[in-house]
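**Student:** My structure is below; once you've seen it, I'll send some questions.
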Amino acid sequence: MKRISLTQYLIEEQRLHNTIPAELRLLIEVVARACKTISHAVGKGELGEVMGSAESENVQGEVQKKLDIISNDILLEANEWGGHLAAMASEEMETIHPIPNRYPMGEYLLLFDPLDGSSNIDVNVSIGTIFSVLKAADGMQAPTEADFLQPGSKQVVAGYAVYGPQTVLVLTTGNGVQCFTLDREMGSWVMTQKNMQIPADTKEFAINASNARHWHAPVKRYVDEMLAGTTGPRGKDFNMRWIASMVADVHRILNRGGVFMYPADAREPDKPGKLRLMYEANPMAFLVEQAGGAATDGQQRILDIQPEKLHQRVPVFLGSKNEVELVTSYHKTK
Ligand SMILES: O=P(O)(O)OC[C@H]1O[C@](O)(COP(=O)(O)O)[C@@H](O)[C@@H]1O
Ligand SMILES: [Mg+2]
Ligand SMILES: [Mg+2]
């Protein structure tokens, strides 16, 4: 199969769909180049002295790993020159990061989780980067946090990189989901999967089962029925996976189906789960829906949620459409 590069794909998409103007293509290529740099840093491991904790906390109250900060800096420096970006927001930064001295103001907003799956960094398990692009409001003056608070349905681009046995970049610009594999010799992103599709049914689920005693009734019912397998109402056996790297779990689901859950639970009643809406749930929901899957917070489409805060958390149920619809229906059954 003749393989094309990321750049060739983006230019072709613009020709066919007029959805990727040159400034957006440039932005995507800058982020993709930053992911290559992050992949290189991750790959050094102990040899690069990038492992372990940074002895600092982020706005989420989480202890930061050195690679969380290194990855965040790589994305900031790569995009600082501005191009057509008005501002950035990151899991690792409390406030937004306006691009200085920009006139005219850039027309895009970039959000990212610079390193997802941080608990796996020191044990050599796949981790990644998640990113999302929104359009800035026309005629926007100095960008504020409020400019970022758009529902996920407004995203123009979403993607993630997985730093695993291969380094892959998975991307949607609204016309399906494509996967690019990093050719380390040439340093280029080469398309290896086109129009990825999630099967509507599955036999595989992903949840952190150590929290089972804290789950609310709909999740408990849904998981118990799967654990009952052929002896229960589902009439089939299920398999379980939990990598504790959302990017790796979602990449598996995009490749072979499955349902991923990070629900709210009774541990902290006013904390709606662990994952963040703006730079984890929204980009993953855009990708999953573009691949024929579904993504809800248990009540509604994640992409329909009107954000109120930049770092707000949200329960996540995503993956094979029929399974997400079933577990969501259990949340509506009184
Ligand atoms: O450790 P837990 O509670 O199983 O949570 C794992 C989840 O937390 C995350 O690591 C959160 O992301 P960060 O690592 O970017 O904070 C997800 O990637 C993963 O799905
Ligand atoms: Mg994350
Ligand atoms: Mg992170």
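Keep in mind that glycine also has a Cβ here, set from the backbone N, Cα and C atoms.
Feature table excerpt (TrEMBL):
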- 5-193: domain 'Fructose-1-6-bisphosphatase class I N-terminal' (DOMAIN)
- Glu91, Asp113, Leu115: Mg(2+) 1 binding site (BINDING)
- Asp113, Asp116, Glu280: Mg(2+) 2 binding site (BINDING)
- Asp116, Gly117, Ser118, Ser119, Asn208, Lys274: substrate binding site (BINDING)
- 198-331: domain 'Fructose-1-6-bisphosphatase class 1 C-terminal' (DOMAIN)
**Student:** Starting from the Cβ centroid of Asp116, Gly117, Ser118, Ser119, Asn208, Lys274, the recorded substrate site, name every other residue in that chain with its Cβ within 8 Å, sequence order please.
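**Tutor:** The answer, listed by sequence position, is Asn120, Ala244, Ser245, Met246.
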**Student:** Could you round the CA separation between Leu115 (Mg(2+) 1 binding site) and Lys274 (substrate binding site) to a whole angstrom and send it over?
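**Tutor:** Cα-Cα, rounded: 15 Å.
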**Student:** Just counting, how many other CB atoms are there within 10 A of the CB of Ser119 (substrate binding site)?
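**Tutor:** By my count, 12.
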**Student:** Can you list the residues of the same chain, besides Asp113, Asp116, Glu280, whose Cβ falls within 8 Å of the Mg(2+) 2 site's Cβ centroid?
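**Tutor:** For the Mg(2+) 2 site the neighbour list reads Glu91, Phe112, Leu115, Gly117, Gly128, Thr129, Ile130, Tyr160, Met246, Val247, Leu275, Arg276, Tyr279.
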**Student:** What's the number of neighbouring CB atoms sitting within 10 A of the CB on Lys274 (substrate binding site)?
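**Tutor:** Within a 10 Å radius of the Cβ of Lys274 (substrate binding site) lie 21 other Cβ atoms.
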**Student:** State the Cα to Cα distance, in Å, between Asp113 (Mg(2+) 1 binding site) and Lys274 (substrate binding site), rounded to an integer.
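**Tutor:** Pair distance, Cα basis, whole Å: 13 Å.
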**Student:** Near ligand 2, meaning Cβ under 6 Å from any of its atoms: which of the binding-site residues Leu115, Ser118, Ser119, Asn208, Lys274 fit that description?
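**Tutor:** If the test is a Cβ under 6 Å from any atom of ligand 2, the answer is none.
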**Student:** As a test of reading the model: what is the averaged pLDDT for the domain 'Fructose-1-6-bisphosphatase class 1 C-terminal' (198-331)?
**Tutor:** 98
**Student:** Enter the number of other CB atoms within 10 angstroms of the CB of Gly117 (substrate binding site).
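**Tutor:** Result for Gly117 (substrate binding site): 22 neighbouring Cβ atoms inside 10 Å.
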